[in-house]
Structure formats: C-alpha cells, structure tokens
Amino acid sequence: MAVTTGTILGVNGNMVSVQVSGNVALNEVGYILLEDQRLKSEVIRITGDMVEMQVFEMTRGIGIGDRVEFSGELLAVELGPGLLSQIYDGLQNPLPELASQCGFFLQRGIYLNALDRTTKWEFTPAVSIGDVVSSADTLGTVPEGIFSHRIMVPFNFKGRFTVVSLASKGDYTVDTKIAELKDENGSIHEVTMMFEWPVKRAISNYEERLRPDEQMVTKVRIIDTFLPVALGGTYCIPGPFGAGKTVLQQVTSRNAEVDIVIVAACGERAGEVVETLKEFPELIDPRTGRTLMERTVIICNTSSMPVAAREASVYTAVTIAEYYRQMGLNILLLADSTSRWAQAMREMSGRLEEIPGEEAFPAYLESVIASFYERAGLVRLKDGSKGSVTIGGTVSPAGGNFEEPVTQATLKVVGAFHGLSRDRANARKYPSIHPLDSWSKYGGLIDPQLTQYARDVLFRGNEIDQMMKVVGEEGTGLDDYTVYQKSEFLDRVYLQQDSFDPVDASVGVERQRHVFNLIFDILAAQYNFASQREAREFFNKLRQNFLDYNGSEWKSDEFERLENEIKQMVAEKKNGIDPGAKKLMAVNA
Ligand code: ADP
Ligand code: MG
C-alpha cells in the first residue's frame, strides 16, 4: 500500500498544518521527517486535503515545506505480558530505557518498544489444534508476577477462527508466533503474545456491562464508610494545590483492594513526578510482601513535556487497564491530574481556532471527559468471569474553585466526589476530604441510615461551632455543646487517619465496621455531664484513648484492653440513648 505523505504548510506551537496527498484518518499517526529525526504526531482535524496534527514532541526546528509520512495506523499501544512494573511516558516509551539511551535530557524522536523483545515468558497453551476461537478468547497463559496473564486472540479479529497450529508449552518472546488461526475464508493469521490496540477506542470484548455493586475497599475510613467507591465505578478528587490529592492517591494505590494499579501522572510538576517514580519502586505491597511495582504501571508526563503527550497518557493508561480487565482482574486507574489533561485540550482547541466554551475550554470538554470515565466499568467476560476498571481522577482547579468547567464536567459523570478542603488541609486534618460537601452514589460497608446519622452529628456540630464563634461557649447550651464535642470526636478519631502510622494507615473492612459501631454508640449516647467543662474533659480523654486504640493492632490484647477502657468510660457517663438512634439500632440489629 502506498504511504500517504504530506507537506507542512504551517506551524503553530505544537500543532502543524499539513497538506496531504492521499487518505488519512482521524487519530492516525504520522511522522514529521527532519534531517535526522522522525517526530511522532497525530491527526486531530481533517478538512479536505488539509489536516491538523498535534506533535508529541517539542516542535523546534520544524519548518514550512517539511515532509510528513503517515503510518496508516491509529495512535495505539502494545498489549502483552511485560506491561506490569513498567514506567512509560504518554506514548508508551519505557522511561528508564529512554533515559539510559538519552541521558538526563530526553531526546526527541526516539521511540522504543513498549514490550521488551528479549524477555521470555513461559507459555502454557489453553486450547488445542482444531478448536474454534474468536477475539479475546484465551489461547494460553503466561505467569506475570502474581498473575496468570491471558494470551488472547487479538481484539480486532472479527469472526470465528480455527486453531491450525499452536506453540507447545515453553518459553517464548512476545514477538514469537505462538499460533496460526484460520478464518472462515481459509486465510491464515499468525498470532504472537502481543498485539496493538488504538488508545482512543474502548476495548469492549466482553459479554455485558454490570452495575457496579461491589465496593472497592480503599482502607481509608472516610471513603469506605462515608463516601464509598465501587469496583468498576468512578470518582474524582478535586482540591486546591497542596491539599493532598497526590498523597491520597498514593495511599490508595498502596492499599486499595484491587489487583492492578495504573497511575497516570499527568502534567504535574516534574519534581513531584520524580518523587512518585523514586518512591514507588520502594513501596512494599501489603498484600504480597513484595514490591508494589510488580502490580503497578506508571504512565508519566510532566508539565515540561509537550501537552499532546499528556493527552495521550490518559488514553494509554485506560487502554492498558481495559486490557487487564479482559483477564478477569480488578484494575484501579488513578489519573493525577485531569486538569492538566484538560489544559492540553484547551491549548489545542485554541490553536485549532475552535469556538471556545466556558473559560476557553473547548465546547466538547464535557463529552471528552464523559467518554474517558465511561471506559471504567464492571463487566462479565465471555468465560463468565468478572473484571473491572475503576477510575479515580484528581482535578486541580485554579484557586480551588470547584465551579470551574473541568470540576463541573467531571462531577456530572462520576459516581463519587471526594472534594478536598483547603481549610482542612491547613488544619492538617488528613485526608482532607470534606465530609459534608462530598458525596457518593455507591453503597458502602455500613447501612446508609447509620452513616447519615453520623453525618448529621457532623453537620450540627459544624453549625454549633459557627454559632459558638459568635456567642462564645458561655452562650451555648450544654446539649449543643455536647453535640459539638461529639462531632469533633468523630472527625478526629474516624474521619482523620494517619497515613504514616503503620496500623492506622490502612483499616480493613472488618475493623471499620467494628469501630464504626462503637463510634455510633458513643454518638447516640446521652450523657449526664454537669458542665461544659466536664463534657470537654470527657471527650478529650476519650479521644486520646481512641487514638491509641486506632494505633493498636486489630484484635491484639492492647486493642481489646483499650476498647474495654473506652466502653467503660462511656458507660460511666451515659444515662440514655437518643430515641432517633435507638430506632435505627433496632432496624439494624
Ligand atoms: P496536591 O497533590 O493536592 O497538590 P499533595 O498530595 O502533594 O498535594 O500534598 C501536599 C503536602 O501536604 C504533602 O507534601 C504533605 O506534606 C501534606 N499531606 C498531604 N496529605 C497528607 C496526609 N494524608 N498525611 C500527612 N500529610 C499530608
Ligand atoms: Mg499533586
């Protein structure tokens, strides 16, 4: 097939206008040919024989008249064993290899294989010669870290195929032929352990999408108890700069009960990304005791890399996530920050001179954000097993203003909103998720009526706090003052969680349920305090005991002892139960 070529007629930032000599497709990859470099670019608009392309590299030195060669292929990633534990840039170049080839300053125009061609993987066939298969069926498996990686019929194979040859059990590289499949017309197709897939097309080789009804446990109390996320669901973490978005995502990536975590570090400051890269490989997976990297993929673009590559990075990340979902695994994709991605869109849209929407973001911002989050989901695969992709994205709105377009567009499509609060971060109340402004549409591990009761205490406590600022403690009744103390207590010992304490950092489901019940009893109790001072002293002491309790190993002697102490303290001062709470307890008993 003749290669389509073109000539550059204009350069505008990292966008070039190209006159083409043949057919090109939207999202097709082309290379700008410089003397000694080929710069990867993607077609983003076609008007007659003129196309606009975004260049994934610095555009220095590109001039009018330069040639472009089109690839006939859409922007795609390589899928196969060996993705796990990799650190890629947005175009799936392995960054460590790139760095070792180029030195500290990454050189443009160098594209490396995403999957190493020398590593051998131990293939075990799962079908036999003569079997009939179709796309996404498993031909065999290879062990990859702790997983059994399915070697599948490439997802773009249409129709039914007969297996006419198959590699026997043994060690092969990803580009070795492992099977020949005959289609219905008798043509033979060779299959290796890897194939490519266009990043902007969702992988949908599953039987059906299911309602995400199972919780994705993060072991962060405020999330799991009050603002749950479902496996296959979506959530967003908007927050001003420095509020704790990145730390929260790191904590989640370490502790969430999922198989694989994909981190798309997108456009944040280079220093921050370097930190992630340094820190991650050293983290130990609490589940396996091995390095966390074994079940992690990092896609990384810093703010100093060209904007177009940022855009690619979120798609690269979600495509890899969907690929592993086809193996019946649960994948968590964390994108930090989607604002940087949206800014890249805004920049390109400006260059294209499109009619701008709000704050100069493109008018299609909402639909692009929606179609990204739609790639999350819980699915039933053809073999009956289930897999999920959960997406959590941070948003970093300028000045922390959640009314801006990216936050608003994201809120329309996600299932949970974990809004970080500047005030809480300033007060070092971590994780700084705002307990009252945030919400979730998913079911969690506690009956929602009980959590609502606790939220009401927070809500009222907050109101009383505001009032006390005006009238002072003296002007506040003892009942109100007690509610305020209860809400402070709940905040301090349950909503706040110490990410650096070995025990408190991650709290499992069983413990959360157990501790929440104890907290509920404390919130629901009526106390015979004689004065505000007595109430304050009681809750101060209780809080201290509770923090020690939070730091003790689950079900250890220390844990039991502190729990008994807490219960006894409460029993001594308790003289009744709030009737509203009593009803809820009866229903839940
Ligand atoms: P963002 O990504 O929102 O800009 P970071 O996640 O980088 O903010 O957090 C900024 C700083 O706040 C961190 O370097 C750390 O000092 C502090 N911080 C954030 N979250 C926590 C936490 N859970 N526990 C303790 N300190 C935190
Ligand atoms: Mg950050």
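Placement of Cβ uses the backbone N, Cα and C atoms for every residue, glycine included.
Bear in mind that TrEMBL entries carry predicted annotations, made automatically and left uncurated.
Feature list (source: TrEMBL):
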BINDING   Gly239, Pro240, Phe241, Gly242, Ala243, Gly244, Lys245, Thr246  ATP binding site
DOMAIN    9-72  domain 'ATPase F1/V1/A1 complex alpha/beta subunit N-terminal'
DOMAIN    113-200  domain 'ATPsynthase alpha/beta subunit barrel-sandwich'
DOMAIN    220-440  domain 'ATPase F1/V1/A1 complex alpha/beta subunit nucleotide-binding'
DOMAIN    452-520  domain 'ATP synthase A/B type C-terminal'
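Sequence features, as recorded in TrEMBL, placed on the structure.
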residue : record           : Cβ contacts under 8 Å, 6 or more apart
Gly239  : ATP binding site : Lys245, Thr394, Val395, Ser396, Gly400, Gly419, Leu420, Ser421, Arg422, Ala425, Ser432
Pro240  : ATP binding site : Ser396, Pro397, Gly399, Gly400, Leu420, Arg422, Ala425
Phe241  : ATP binding site : Ser396, Gly400
Gly242  : ATP binding site : Ala425
Ala243  : ATP binding site : Gly400, Leu420, Ser421, Arg422, Arg424, Ala425, Ser432
Gly244  : ATP binding site : Leu420, Ala425, Tyr430, Pro431, Ser432
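When Cβ atoms from all protein chains are considered, those within 10 Å of Thr246 (ATP binding site) total 22, not counting its own. Within 8 Å of the Cβ centroid of the ATP site, not counting the listed residues Gly239, Pro240, Phe241, Gly242, Ala243, Gly244, Lys245, Thr246, the chain contributes Thr394, Ser396, Leu420, Ala425, Ser432. Residues Lys245, taken from the binding-site residues Gly242, Gly244, Lys245, are distinguished by a CB atom under 6 angstroms from ligand 2. Following the DSSP three-state reduction, the secondary structure of Gly244 (ATP binding site) is coil.
Residue counts for the domain 'ATPsynthase alpha/beta subunit barrel-sandwich' (113-200) under DSSP, split into helix (H, G, I), strand (E, B) and coil, are 0 helix, 41 strand, 47 coil. Under DSSP, the residues of the domain 'ATPase F1/V1/A1 complex alpha/beta subunit N-terminal' (9-72) split into helix, strand and coil as follows: 0 helix, 38 strand, 26 coil. Counting residue by residue with DSSP, the domain 'ATP synthase A/B type C-terminal' (452-520) contains 53 helix, 0 strand, 16 coil. Gly239 (ATP binding site) falls outside any helix or strand according to DSSP and counts as coil. Residues belonging to the domain 'ATPase F1/V1/A1 complex alpha/beta subunit nucleotide-binding' (220-440) score a mean pLDDT of 91 in the model.
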